[in-house]
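Contents: one structure, followed by commentary.
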Amino acid sequence: MSMFCYQCQEASQGIGCTVRGVCGKTDDVANLQDLLIFTLKGISFLNLKARETGVNKEKTDRFLFEGLFSTITNVNFDRNFFINKIKEAVALREEIKEDLKKAGIEVDESCEAIHWVYDTDEDIEAIAAEVGVLSTKDEDIRSLRELITYGVKGMAAYAYHAYQLGYKDDNIFRFMEKALAKVLDDSLTADDYVALALEAGKYGVDTMALLDKANTSTYGHPEITKVNIGVRNNPGILISGHDLKDLEQLLEQTAGTGVDVYTHGEMLPAHYYPAFKKYPHFVGNYGNAWWQQDREFELFNGPILMTTNCLVPPKDSYKDRVYTTGVVGFEGVKYIPEGPDGKKDFSEIIEHAKRCKPPVEIERGEIIGGFAHNQVLELADKIVEAVKTGAIKRFFVMAGCDGRMKSRTYYTEFAKALPKDTVILTAGCAKYRYNKLNLGDINGIPRVLDAGQCNDSYSLAVIAMKLKEVFGLNDINKLPISYNIAWYEQKAVIVLLALLYLGVKNIHLGPTLPAFLSPNVTKVLVDKFGIGGITNVEDDMKMFMGE
């Protein structure tokens, strides 16, 4: 069996993975993910009609965003998960068709995504090998369809987290279905798909705003916080991913047990929320970005809870200490389900932790963060004054993702080389390339302002829009802000589309441009939006500083 996947930045040779994913997923899992997405497109086509007649069901919304989320890079590697999810998808699809039939609505059965069937698991795998990315023959149409699909995957991840906290917006689900249905439509042109990609950006903004509201309404607005990066002499649980509700439940259930809780990777910004500061056993952050987890999980000694991406296929030496939940999966790893009441029982992982040694100290000290939009706007007068007096000459948005590629040391060197009168605005795990450097401050304003997780790129957009208003500008691109963004997976795609929708131009993406962008589509993005790549620190610095 072979595969073709080019959805992440590490696509093999900058083209695509064809034998095994650089991420570690096998060819059969890659193909099953393709078939799940294909079937979700069919469900979306049908559910749009169901919405029009009022026979749609909320369970379809949840199935859609959970299914999409499970196919994001480094979320789920489990073949059986995808076999079962595809079977559930087909059953749901047929249920929607039956509901439409009862409502007197005819369904166009010519679309294969709506009518394919199976008898055995072997049938599923055979069909999976035929419906992947390369089934769209036109390179440019394929490129745009995948750009939109990956953007919708990112949107689904953010919608999932908002939903977990009780926040949803039917307009977002309607758009996700519309977009997925349209990528099946062979009558659409490249121009149609460019317009749809920008519309995805609009709903990307809406979804990030919804998640921001969900997080801040539930846990308070992030505030300036110093986070411990050392350890204590108690057994611990390391929680990674992005799911704040999982963290909340874990903290509640570990209270008084003698087990400490540490964050890892993208869970670091949880420390910035006021609601989590009441837990004395919420110790700090352990380690760095996701791709270093093989070494860091080994040294942590205690169990690890993966709530979302990014999971790296675990080594045998610590695999028995890895637990997954939500849509995360890996064969042979323990899974903690959600109960009928929406709650999770973490007693097994807590008891496991009690039997483990305390974590090995790998660093010590503190890092500072919590500069989401509400906190930064409280400092607005100070920041505006620093800009007006020339103390701050330029802001650099360096949000995004980190990854394994050695060339990503560029971002560390770039941060070091920035003039002392510049400030970095960041969100996402890209921060780990420079958030432990001693870059100082400007009139008490740290030179690295960390807004939070990748979805908190929304905060950076809010900050930019507010600065535009304060300075009386009619164009966001007239602000002294440059965009040098590191990307890795599909949530970064929806952040990019959101920025393009907001009118931001001259965004530079690295360490490489997406493999899924064809030369012609890349040219459109360059000509229309000024999208660019990166070269080397010295030349890029001159370009950004206008030298």
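Note: Cβ is positioned from N, Cα and C throughout, glycine not excepted.
Within Cys23, Cys111, the residue that Swiss-Prot lists together with Cys5, Cys8, Cys17 for binding [4Fe-4S] cluster is Cys23. For Glu489 (hybrid [4Fe-2O-2S] cluster binding site), the same-chain residues 6+ apart in sequence whose C-beta sits under 8 angstroms from its C-beta are Gln7, Cys8, Gln9, Ile72, Thr73, Asn74, Gly154, Asn309, Cys310, Cys401. Excluding the listed site residues Cys5, Cys8, Cys17, Cys23, the same chain places Tyr6, Gln7, Glu10, Ala11, Ser12, Gly16, Gly21, Val22, Lys25, Ala30, Thr73 with Cβ atoms within 8 Å of the centre of the [4Fe-4S] cluster site Cβ atoms. Among the binding-site residues listed here, namely Cys5, Cys17, Cys23, Cys23 has its C-alpha nearest to that of Cys454 (hybrid [4Fe-2O-2S] cluster binding site).
Cβ neighbours within 10 Å of Cys310 (hybrid [4Fe-2O-2S] cluster binding site), excluding its own Cβ and spanning all shown chains: 27. Of all the binding-site residues given, namely Cys5, Cys17, Cys23, none has its Cα within 10 Å of the Cα of Glu266 (hybrid [4Fe-2O-2S] cluster binding site).
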